[in-house]
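Features reported for this protein in Swiss-Prot:
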- 40-106: domain 'Cupin type-1 1' (DOMAIN)
- H50, H52, Q56, H91: divalent metal cation 1 binding site (BINDING)
- 151-215: domain 'Cupin type-1 2' (DOMAIN)
- H162, H164, Q168, H202: divalent metal cation 2 binding site (BINDING)
- Y223: substrate binding site (BINDING)
Amino acid sequence: MKTEQDLQELYFPTPKLIEWDNGVRQYSSVRGDTEVLLSYVPPHTNVEPHQHKEVQIGLVVSGELSMTVGDVTRKMTALESAYIAPPNVPHGARNETDQEVIAIDIKRLKAGETYTSPEDYFLNIFKTRDLLPGMEVTFFVEDWVEIMLANIPGNGGEMPFHKHRNEQIGICIGGGYDMTIEGCKVDMTFGTAYFCDPREDHGAINRFEKDSKSVNIFFPPRYNRAKAKKLEAKES
């Protein structure tokens, strides 16, 4: 029998701090086959190219980062693009600015999944629309993953309780809101991550005056399945 504390640690794992010699700080949250990293990159800092067996996806939350995947380098500004580094593909980054950069990276290796990417490894915004009245969302899509940036309006804006076949992970990147998974509720603040497995009931409500913002990742895509199928057909 799991205690309330056990359930909270399952759905909202306590992040562990990783400090690197170059000054980069990362807060790591893990459930199962997936790790969420919230990274703080100091000004004029280089993250040397490296590779690993996991796929890695990411985006910049604050600031500007020069990101290299394979032999492709692109400047990434906050929430304007995402990258995919497939398994064993070298990737690194450099903060060339005078400001600290905050980025989110997700590492994953799950049996049965195939990790495709665009030829240049970077995803542009696919579309922006209202998911619910007043809740604007922006999507980045590849055939096995969908990234959704969501604004939850203040003063009671909510994502009603629901469940689906997709695995869902989310990170609060602005404001705050209450997130509940299978009856376990946590106050989401900047950097808090949640992990929701398929068919686990979940919902969110913003009781604050200001809008909140979150990054939500779906495996496989939930809202843009047709786009994903077209990408899959193109690859085959």
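Cβ atoms are placed via backbone N, Cα and C, with glycine included.
Taking the features listed in Swiss-Prot, we show where each one sits on the structure.
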{"residue": "H50", "record": "divalent metal cation 1 binding site", "Cβ neighbours (10 Å)": "10"}
{"residue": "H52", "record": "divalent metal cation 1 binding site", "Cβ neighbours (10 Å)": "14"}
{"residue": "Q56", "record": "divalent metal cation 1 binding site", "Cβ neighbours (10 Å)": "23"}
{"residue": "H91", "record": "divalent metal cation 1 binding site", "Cβ neighbours (10 Å)": "22"}
{"residue": "H162", "record": "divalent metal cation 2 binding site", "Cβ neighbours (10 Å)": "8"}
{"residue": "H164", "record": "divalent metal cation 2 binding site", "Cβ neighbours (10 Å)": "13"}
{"residue": "Q168", "record": "divalent metal cation 2 binding site", "Cβ neighbours (10 Å)": "21"}
{"residue": "H202", "record": "divalent metal cation 2 binding site", "Cβ neighbours (10 Å)": "21"}
{"residue": "Y223", "record": "substrate binding site", "Cβ neighbours (10 Å)": "19"}
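In terms of DSSP secondary structure, the domain 'Cupin type-1 1' (40-106) contains 0 helix, 44 strand, 23 coil. Residue counts for the domain 'Cupin type-1 2' (151-215) under DSSP, helix first, then strand, then coil, are 0 helix, 39 strand, 26 coil. Spatially, by CA atoms, the binding-site residues H162, H164, Q168, Y223 include one closest to H52 (divalent metal cation 1 binding site), and that is Q168. Same-chain residues with CB within 8 A of the center of the H162, H164, Q168, H202 CB atoms, the divalent metal cation 2 site residues themselves not counted, are K163, N166, C196, E200, D201, G203. Apart from H50, H52, Q56, H91, the divalent metal cation 1 site neighbourhood in this chain, defined by C-beta within 8 angstroms of the site C-beta centre, holds Q51, E54, A85, V89, P90, K107.
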